[in-house]
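Feature annotations, courtesy of TrEMBL:
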| type | residues | note |
| --- | --- | --- |
| TRANSMEM | 20-39 | transmembrane segment |
| DOMAIN | 83-227 | domain 'Flavodoxin-like' |
| BINDING | 89-94, 141-144, 176-185, Asp211 | FMN binding site |
| DOMAIN | 282-524 | domain 'FAD-binding FR-type' |
| BINDING | Arg301, Thr538, Ser599, Arg600, Lys605, Lys606, Tyr607, Val608, Thr609, Asp642 | NADP(+) binding site |
| BINDING | Arg457, Tyr458, Tyr459, Ser460, Thr475, Ala476, Val477, Tyr481, Gly491, Val492, Ala493, Thr494, Trp680 | FAD binding site |
Amino acid sequence: MENSEGVKIESTVVTGEPLIGALDIALFVVIITVAYFWYFKRDKQSSSSEKKPYTIQPSSLSSIEQTSNSSFIKKLKSTGRSLVVFYGSQTGTAEEFAGRIAKEGARYKMKGMVADPEECDMADLVEMKEIQKSLAIFCIATYGEGDPTDNAMDFYEWLQNGDADLEGLNYAVFGLGNKTYEHYNEIAIYIDQRLEELGATRVHEIGLGDDDANIEDDFVSWKEKLWESVCSHYGIEETGEESNIRQYKLVDCSEVLPERIFSGEISRLKSYENQRFPFDVKNPYLSKIAVNRELHKSGDRSCMHIEFDIDGSKMRYDTGDHVAVYPKNSSELVDKIGELLNADLDAVFSLLNTDEESSKKHPFPCPCTYRTALTYYLDITSNPRTHIMKELIEYASDPKDQEKLKLMASSTPEGKKEFHEWILRDNRNIVHILEDLPSVKPDLDHLCELLPRLQCRYYSISSSPKVYPKSIHITAVLVNYTTSTNRVNKGVATNLLAQLIPTNDELPQPTIPIYIRRSQFRLPPKSQTPIIMIGPGTGLAPFRGFIQERDYARKEGREIGEMVLYFGCRKKDEDFIYENELQEYVANGTLTKLHLAFSRDQPEKKYVTHLLEQNADELWNIIGEKSGHLYVCGDARSMAKDVHSIIVKVVMEKGQMTNSQALNYVKKMEQQKRYSADVWS
């Protein structure tokens, strides 16, 4: 204690004892000894280091390269470019649109480049004014509940937190969103407004693409008007030159050693053979399928309960997170492309970017075989966009096929109608197009350049890490449907998963690459907080994890709040998934109430929304009087919208509010994370 030490010192002086005691002398000797050894040891190390040659370690070199590569301004200046197109992309569409704009810039005397904001120092935007007639275009997708895409997060935060002077920056924004979601194109709208606030000049009004309708049509219409505005703003004219120049050149890799050839890895060569933590979007974990069982009791549809083994992976997830699954295309479709184009699918090749300044050297991991590219890297099952129609024209030997492609590639009302009916309505993919236009024989390497990347599929995790720390569960409906042309289209991921059935322990178990994507869909911090969960069909998935977590807390002796679940399906005896589990949770008290709607078990359709309206008192009691949380998971197009309308109506009636007050109340619930949605269209 400070006071007792003071008394002791005072006593020592008064008694006349020597100022330097034996203990002080001992400490002094120790300090001198340590100093002596430290000095000579340092001198020896210094002499030793002088004898070694100076080298730059790999980490230092990587850092230098990242610094130089992050300056998009330097690249623009050194290559005489004036157009840069940034993209915020989660599925690849925004990146594709950015590439198309940059390519078209040549027609307007604006040499362009595509840039990933995650790889750029976006503070360099203040220097854009130093480049004559420069333009920055942003193709920005809104992801989740009004969130930026992963690669645009840093840029978004920079705009939010910074106050850079962007006077002299000319810009335009195209947003990619979905009107079935509440936060439609929220990030693009914010970026467009924020750039103007910081002094930048908007060259053309923002474009808002709706993926629920026809985002290709939205983009093409906006792009045409964009170039009109650009020409007017800069006083330039279109050259009229069509730019069908290849972005990548073909490289023959037949002499490459087998160990240097990619075979399906996402980024790092041999990454599936030599797995390294941490696992993410570019480095997925090759997980074993531990369980794959059917959940439907009867009927012609299938719903799978699948468990991914993550034991030993060091992967951690939270209840409510998503798991990303990397699929592969069916060998049947891949072989069909080889047959239609009379191509050797096992030939080894590479596509090298003709733009030496581009940070993207290849469109996908190269070198690889055509079979590998078509199986693991390219999307061959989605509807091709109009720019692919345009590129295929030169490969059509039949004038009728040529005219059809020209029409669908045009922006005329007739062309848009033909594209919508023949491609979108009839759900044709590239295989169907090559079958139905037999004279179209594109070079396979060019086709590989044109097709978009095959994207991972996201599933809500239907388990709690408290109960299942070594596995991840998902609940997935098998996607199979017949098109108007009598073709059977199959979901890429679910049909692959359906084939991955675990066998006995003596045989190697089936595997698939996965990684965990964090979510904001979370249980309340306090286990006592009451919650309402609305999840028809596979919308039940995250709530299975919620219930497991609360049940775990209850068994530990903790108090848990009310848990009310609304679940619906077609028929109780066919597709009531996890029925026994749910009934057990009701019996043990974890699940307070289970409201069930079986839409086809009676003459009149009955859905969870009907039950929600009937239980208005219970709903208001939890979200109004007890400040509970409400969660919605499932279809965004109708169910989630209907639920939102019902919530507002209940708040008005039971909370005695006006419509405006009720809307504000619900909005505040969302801001407080008391009203959360995990929905899809």
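Yeah, the Cβs are placed from backbone N, Cα and C, and that goes for glycine too.
Note that TrEMBL annotation is computational and uncurated.
Of the listed binding-site residues, namely Tyr181, Tyr184, Tyr459, the sparsest Cβ surroundings within 10 Å are found at Tyr184.
Taking DSSP states H, G and I as helix and E and B as strand, the domain 'Flavodoxin-like' (83-227) has 65 helix, 35 strand, 45 coil. Closest in space to Arg301 (NADP(+) binding site), of the binding-site residues given as Gly92, Thr475, Val477, Ala493, Trp680, is Val477, taking the CA atom of each residue. Taking the Cβ of Ser89 (FMN binding site) as centre and 10 Å as the limit, one finds 22 other Cβ atoms among all the protein chains shown. Cβ neighbour count for Trp680 (FAD binding site) (all protein chains, 10 Å cutoff from its Cβ): 16. Along the domain 'Flavodoxin-like' (83-227), the predicted structure has mean pLDDT 94. Counting every protein chain shown, the number of other Cβ atoms lying within 10 Å of the Cβ of Ala141 (FMN binding site) is 30. In the structure as shown, the Cβ atom of Arg457 (FAD binding site) sits within 10 Å of 19 other Cβ atoms. Among the binding-site residues Ser89, Ala141, Gly144, Ala493, the residue whose Cα lies closest in space to that of Thr609 (NADP(+) binding site) is Gly144. Sequence-distant neighbours of Thr475 (FAD binding site) (same chain, 6+ residues apart, CB-CB distance under 8 A): Leu295, Cys303, Met304, His305, Ile306, Tyr459, Ser460, Ser462, Thr538, Leu540, Ala541, Arg544, Ile577.
The two recorded residues Ala493 (FAD binding site) and Ser599 (NADP(+) binding site) have their Cα atoms spaced 28 Å from each other.
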